[in-house]
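S.K.: Handing you this structure, nothing more for now.
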Amino acid sequence: PYGVFDSSEALGHRMAVLSQLNVLVKEWIQEVSLEKNMPSNLAETVGGHVYTFGSYRLGVHNRGADIDALCVAPRHILREDYFSSFVDKLRAQSEVSELRSVPEAFVPVIKMNFDGIEIDMTFARLALKVRSDLQGATQEAWEGHSHGLSQNIFLFFRNDPLLLKNLDPKCVRSLNGCRVTDEILNQVPNKDTFRLTLRGIKLWAKRHGIYSNVLGYLGGVSWAMLVARVCQLYPNADASQLIQKFFLVFSNWQWPQPVLLKKPEDVGLGFPVWDPRLNVSDRFHHMPIITPAYPQQNSTFNVSRSTLEIMKAEFKSSRQICDDLVVGKVGWDKLFETPNFFAKYRHFIVLEASSSSEEDQLEWYGLVESKVRHLVGNLERESIELAHVWPTTYPSQLKGQEKTCCYWFIGLIIKNVVEQNHLDLTTPIRNFTDIVMRSAHTIKIWKDGMKVEACYKRRKQLAKYLPPNERYKLKSERNVVKKRVVSSSDGDNLLNNNHNEESQQQQNQQQSGNLEDTEDQQHISDQQQQQQLSNTNTSSSSDSNSKVMISSSPSTEDKNAVQPPLKRTKTSEIELRNGLQIS
């Protein structure tokens, strides 16, 4: 009912696409070999192959999911060839659309849509040499050599780390996708139970907005390793039991204690492995989940303090749902309900990425998304208790801009609200836009019309960014604890949480001129904050036109950086310089 299983027709189509792609790779390697003056009979036997990894290789891909693939080539084929002549060959195929290459990525990749299937394909060249003494040899000798190449590749996929010797780090990272996937399957006691459990957890993570490695949550391989660990702990449990045990285990996990499927090994090839005893940077990882294949790495280095807290809260709340499920209070549908992200916060940053054309937007969107986690890190270094990025992007609601403009929403919880009259978010936002600008120029994708804008908005101001059928999410819900300001005898204002009197509070607020709340609900905390507010509060001008923007022209200092004199109001407000304001 959730669309997690592919139909037999769709599965057949995926296999046909991979077969076509494999043929293209072999043709391309043969063409490049001939260009490098290799004899034609030799060029026909050097091979090359496309392997899958990730969810598709694990057997848990869902309907419409992309395919992670790896192009393996002999060592005379260079990465520069892959990102030039092979990209040109793909561009000439009628089945290929939305083609874009990212050679400067941590794991260099070509992204494409091949006959309706999204494919991310990395590249690795193995240290396999074609023998020069085969020129003029018999057919039997050629077949023997070709079989030898296949055997070497087969040994590699049996997780032989010695085949990594003399490879450059980018090749190792590309190869590890397949090697890690295979090793995960090797470490679970029952593969079928593991697959069914993983399908359920992946569906849950996507519905709860925490499935995105690029945004600082967990990607597919990390969720697979967490599920594999639970399968190891409960080898005889069925899938429904394992899902419940999953939330039991990880709602109590003492992060940053690492999750390991096997004891790390060092085969002496000199590649860096995750080890906080030796590597200082590894000590600062918030949620280490360590890959089981050499060289062992932390698959979750993108996780931030905020995203960890968000995931811990989801583990905890879902554990409670599972407890209710066991006693029959709720059904499985409750576990897979999507929470109302917008009702959790009062303060938001709206991040907008726009371009002049659909083709430009495809590249620009990917670049901006890959840098959003840097914005979260910048905000955490300011007075932001938590920055929650919702992974779903929304297209522009303006006619004609649906495919050239999109929005991300970041919910904010402010810490030490009453101790600061001023909260300046100009610096973290400008640092973020500078990072995007530098990256765009470094990888040479910058074009006129590409813009990224960030602006502060209150929840009630988000309606124009959402489609009409989703604007109901902006309304307050019963599970969002309201706080009202109560005047005490000594003149201080106290923040009082009162869930049972929510409707009465709303009436009081309307009667008193729509008195605004003064603090976010700490939705990931077990206890609500109780704070005293000073009688002296501040306000500033409207934020309706305030944005921090980066465009093709150099940024200039905002003339409105200095705010007008502060005024007294009935509500506590946080003023953001550069025109940004939280009230």
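For all residues, glycine too, the Cβ spot is worked out from N, Cα and C.
Curation does not apply to TrEMBL; its annotations are automatic.
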S.K.: TrEMBL has ASP66, ASP68 binding Mg(2+) 2. Which one of ASP6, ASP88, ASP115, ASP120 is in the same site?
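M.R.: The record-listed residue among the candidates is ASP120.
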S.K.: Rounded to the nearest Å, what's the C-alpha distance separating PHE53 (ATP binding site) and ASP68 (Mg(2+) 2 binding site)? Just drop the number here, would you?
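M.R.: For PHE53 (ATP binding site) versus ASP68 (Mg(2+) 2 binding site), the Cα atoms are 6 Å apart.
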S.K.: Do me a favour and check the Cα-Cα span between VAL221 (ATP binding site) and ASP68 (Mg(2+) 2 binding site); whole Å is fine.
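M.R.: On Cα coordinates alone, these residues lie 11 Å apart.
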S.K.: Restricting to the domain 'Poly(A) polymerase RNA-binding' (340-398), report the mean pLDDT as a whole number.
M.R.: 94
S.K.: When you average the Cβ positions of ASP66, ASP68, ASP120 for the Mg(2+) 2 site, which other residues in that chain have a Cβ within 8 Å of that mean position?
M.R.: GLY54, TYR56, ILE67, ALA69, LYS111, GLU118, ILE119, MET121
S.K.: Measuring CA to CA, name the entry from the binding-site residues SER55, ASP120, TYR211 that ends up nearest ASP68 (Mg(2+) 2 binding site).
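M.R.: Going through SER55, ASP120, TYR211 one by one, the closest to ASP68 (Mg(2+) 2 binding site) is ASP120.
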